[in-house]
Each structure stands twice: as structure tokens, then as C-alpha cells.
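One structure below.
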């Protein structure tokens, strides 16, 4: 049986009262969530001017990732589809405001009010069709489109994702770029199976070419024996993706004099009235005002 929760049941069913409390009470999960949230907040690259920002936590769950935002002095709102998770967050008295909703139906927030967004292990849920009316491509389109509208100009969105395969990764990237985002994929520990983490870093509006990383860059000169020490190596792989521009169609076939003469001869064989050939046939006319 697969250990991926999105393959077992829809999120609002999988994270019931029992699972929500079990998830929040696990010290291991709390530690992992804190580290991932700190990394996502770092990749947001918010200005270090001491001014609190208004952030969005997508798939906030019981507010574990939101605590990292609060500790950094920011205001935030959290969105989640599991009512049980949000009830636990209320019991824990998290500082952020909470919204119950399906991100696949759009966020429904005002335009340009969010200074940044993070999401920990949530976006890959949109790649599954839990209902007959669900189309992953359309749900991702609605999500990224509404997110682009609610972000302020130049703001970033960072998603920590666990795509099941390459097709899911490409689907998420494609829909993000089509919504207007620029950015790319940041991979921590790309050569480690256990520690590998993928972050989709998107920018609304102007694309910032530099991505701040706290991990050591991969040294290509390291020996092959070091590949087994996954726990000791700290590596980051960055793959930039820009929104592709539409290519202009160019007519590679130039219709010259021979083509015109051949077409005129075909018309004569069909009995049509065709002007006689001359030295001016197929010659380009002068431009006149």
C-alpha cells in the first residue's frame, strides 16, 4: 500500500479528528514542519527592514507552519480544506486568521493584498481527481490564477512539494507559468534520496534572477565515495524557468516567379482567363503613399 496520503483519501476525509490530532502531536512531524517552513520563509526573500508582512499559508493544517511566520514577526492567514485540522489550530490558539476552503476552486482573496505565500506539502494534492468533477489541470489553473491576482507586484510564493512523478512536476510548473508567474525549482540535497526536498519558487510580476540559498552549492570535484554520505552533505540544485514567449510564425516558403508561372499555367489548363506572361510577372510593386 502506498504511504502517500493523497492516494488514500481526499484531504478533508483523510485528515479527520483522529488524524489531525495525531499529526499535530507527533514531535517528528512538528520538527520537520518547522524546518520546511523556515526554508520556505528564507526563499521568500522578504526585505529585512523590520516591517511585518502579510503572508498567506496555503494548506496551513493545524498551524504548525504558521507558527514559524509568527515567530518571525509577520501577520498571516491560513487556508485549509480540513475542518478538523482548523479546529486543532483554533484549540492551539494560533495567531493567524483561518479560512476553510478548497484551493482548487480559487482563493477568493482581494487583488494585491498578500506580500508573500508559502505552502508545505499541499499543492500536490491538486494533481489527484478525488471527484468525478475534478480535473487536475483546471484546478491548478484556478489555484495559480487566483494566487497571482492576490499577490502584490514582485511578491514571491514558495511551495514545498512532493510530486509523485515527473509528469506531476511538469503539470504544476506548466500551470504556474501559464498563470503569469516566473521562477523555478529549488532542490535541496538533490543527490540524496531521503533528504531531497523540492521547492517551487515563483515571482509575481518582475522576475528576480537571484535566489538566496543557505545551503552549500554542490562541488562537482567531490569524489564518488562522498555520494554515500547523504546526511553530511548539504547541496542545492536550482533550475530557473521563465514563462515561454510565443514564437512568431515565419513563412519559410517564398513564392517566386517559377511558382507564379506554374500556377498560371494550371489555371490556363482549367480554361480560366489568365493575363499573359511578361517581364513584370511576379515582380514586387513599388510602395506608394
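Cβ coordinates come from backbone N, Cα and C, glycine included.
It is 268-275, from the ranges 204-211, 268-275, that Swiss-Prot records as motif 'Nuclear localization signal'. Shown for the motif 'Nuclear localization signal' (268-275): DSSP residue counts in helix, strand and coil, namely 2 helix, 0 strand, 6 coil. DSSP assignment over the compositional bias 'Basic and acidic residues' (255-264) gives 8 helix, 0 strand, 2 coil.
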